[in-house]
Amino acid sequence: MSEVSNEAARRRTFAIISHPDAGKTTLTEKLLLFGGAIQMAGSVKGRKAARHATSDWMALEKERGISVTSSVMQFPYEDKIVNLLDTPGHADFGEDTYRVLTAVDSALMVIDVAKGVEERTIKLMEVCRLRDTPIMTFINKLDREGKNPIDLLDEVETVLGIQCAPVTWPIGMGQRLKGVVHLITGEVHLYEQGRNFTRQDSTIFPSLDAPGLAEKIGTQMLDELREELELVQGASNPFDLDAYRAGQQTPVFFGSGVNNFGVQPLLDFFVEHAPPPQARDTTGRRVEAVEPKLSGFVFKIQANMDPQHRDRVAFMRVCSGKFTAGMKALHVRSGKDVKLANALTFMASDREIAAEAWPGDVIGIHNHGTISIGDTFTEGESLSFTGIPNFAPELFRRARLRDPLKLKQLQKGLAQLSEEGATQFFRPLMSNDLILGAVGVLQFDVVAYRLKDEYGVDAIFEPVSVTTARWVHCDNPKKLEEFREKNAGNLGIDAAGQLVYLAPTRVNLQLAQERAPDVRFSATREHAYATAVD
C-alpha cells in the first residue's frame with residue numbers, strides 16, 4: 001500500500017450536529033479527553049461568547065480576533081487520527097454550519113434524552129441527506145430524567161426518516177441510572193460519575209450473567225432489564241455496516257457526556273466503523289482519496305477581526321494526495337500557481353504550522369481576499385469539487401446607507417463578504433436595492449459590524465418583502481427569456497451573476513413554479529459551477 005493509502009485509511013473526519021444545549025460542546029471536550037488530546041476536560045473552551053448578548057459577543061470577538069482553534073480539532077486515538085470539525089451552535093448558526101458538513105466523511109448526532117429530536121437537528125439532518133452522510137447518534141444527559149428510550153428511537157426513525165440500530169442500551173435513567181449494556185459485545189458498563197473531569201474507565205462486567213452484577217444493580221432491575229432487552233432486540237434493527245455507511249441506518253448510543261459516561265464505547269465503535277476519506281465528485285471526474293497528487297477544496301473562510309492584520313484563514317479539506325509545507329498548488333478558479341506557505345494544522349487547541357497533511361485532514365491557508373468558498377486547489381489538474389453549495393437564505397434585509405456617498409464601498413464590502421460566505425447578496429433586476437440573505441439573524445449583525453470596521457461603511461438593514469429565494473435554471477434559452485420578462489419584478493442577480501427568484505411569499509413561489517414548468521427552481525447553488533461577474 002502507498003503512503004497516501006496508509007495515511008488515508010487511518011483518518012476519520014467528522015462533525016457533531018445537534019440542537020443548541022443538547023451537550024455538543026461537552027461531548028466534544030470528552031472525546032478529546034478520551035482521545036488523550038487534553039488531560040482535563042474544560043481546557044477546550046467552547047464559544048462561551050454565545051451566552052452573552054450579541055453586542056458583548058461582537059466586543060469580545062473584536063478583543064481577541066476570532067479564535068480559529070474551535071473550528072478543527074485533530075487527535076490520535078488508538079492507531080487512527082481523528083479530525084473533529086466544529087459546527088457552531090446557538091445564535092451564530094449560519095451557512096457556515098451547513099458547509100462544514102460538506103467537508104466531513106461522517107457525522108455524530110447528539111440528542112437530549114429529555115427533548116428528543118429538535119428543530120436544528122432536523123435542518124442539519126436534511127443537509128447530511130444531500131450527501132448520504134453516515135450518522136451515529138449519541139443520546140445524551142442520561143443522568144437526568146427523559147423520554148422512554150424505545151419512544152426516542154421511534155421518534156428518530158419517524159421524524160428523521162432513518163433506521164435506528166441501538167448499540168448500547170441504558171440501565172435505568174436519572175436517579176436510577178446504573179449503566180449501559182453493549183448489545184453487540186454483551187458487556188455491561190456500570191455508571192460512575194466522572195470525577196474532576198478526568199478520564200474515567202467504568203467498571204465492566206463481561207455479560208448480564210456475570211457474578212456480582214446482580215448485587216451492583218439489584219435483582220429486580222436486572223430482571224426488568226432482561227425483559228426490556230428481549231423486546232428491544234426483537235423490535236429493532238441489528239447494526240448493518242453497509243446501511244450505516246450508505247446513510248440509511250444510524251447506530252445509537254446512550255450516555256452522559258458531562259459525566260464521561262458512555263463516551264468510550266461510542267469512540268471505540270466510531271474509529272472502527274466510521275468511513276475513512278471517500279472519493280469525491282468534481283466537474284471533470286471522480287477523485288479517489290488514495291490518488292498520489294494533492295487536491296482539496298475550501299469550505300470555510302474565517303476572518304480575523306484584528307484590523308492590523310487583514311488576514312483571513314481559508315479552511316481546506318484535503319481530498320487526495322499529500323500536502324507538504326511550502327508546496328505549490330494550482331488555484332483552479334484563477335488559474336494561478338500559489339505557494340502554500342505557512343499553512344496551519346490544528347492539534348486539539350493549538351494552531352501549528354503544518355509540515356504535512358493527508359486525505360481527510362484540514363489545513364488553514366492564509367488568504368488575503370483571493371480565495372473564495374468552494375475554491376479547489378490541485379497539483380496542476382483543472383477540476384473543481386462539486387457538492388459545496390450555497391443554501392437559499394431564510395432571512396432577508398435591504399441595506400441602506402447613512403451616507404449615500406459610500407455606495408461604492410458598500411458594494412465592494414458586500415461582494416467580498418458574500419465571497420467569504422458571511423452573507424449572500426442579491427441585486428434586483430428592477431431596482432437599485434441591495435438585498436442581503438442569511439440563514440441566522442446573527443449573520444446580519446456580523447456583516448453590519450464588519451462593514452463599519454473594515455470598509456468604513458455605516459449601513460442600516462431594513463426589512464424587505466422577500467420570504468425565500470430560489471436559483472432559476474432553464475435549458476431552453478427562449479423559455480428562460482420569457483420567464484425573465486414576465487417575472488422581472490421578482491428576479492435578481494446574486495454575487496456570482498446567477499439568476500435568482502426572490503419570492504415575497506411561499507404562495508407566490510408556488511404559483512411561479514406552476515406557471516413555468518420548464519424552469520428549475522433550486523434551493524441550493526453549486527459553487528463549482530458559478531461564474532463570477534463584476
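Residue numbering: from 1, along the chain as shown.
Keep in mind that glycine also has a Cβ here, set from the backbone N, Cα and C atoms.
Lifted from Swiss-Prot, the feature list:
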type	residues	note
DOMAIN	9-278	domain 'tr-type G'
BINDING	18-25, 86-90, 140-143	GTP binding site
Number of other Cβ atoms within 10 Å of the Cβ of K24 (GTP binding site) across all protein chains: 26
Binding-site residues compared (S18, D21) - the one with the fewest other Cβ atoms within 10 Å: D21
Integer average pLDDT (0 to 100) for the domain 'tr-type G' (9-278): 81
Secondary structure at S18 (GTP binding site), reduced by DSSP to three states: strand
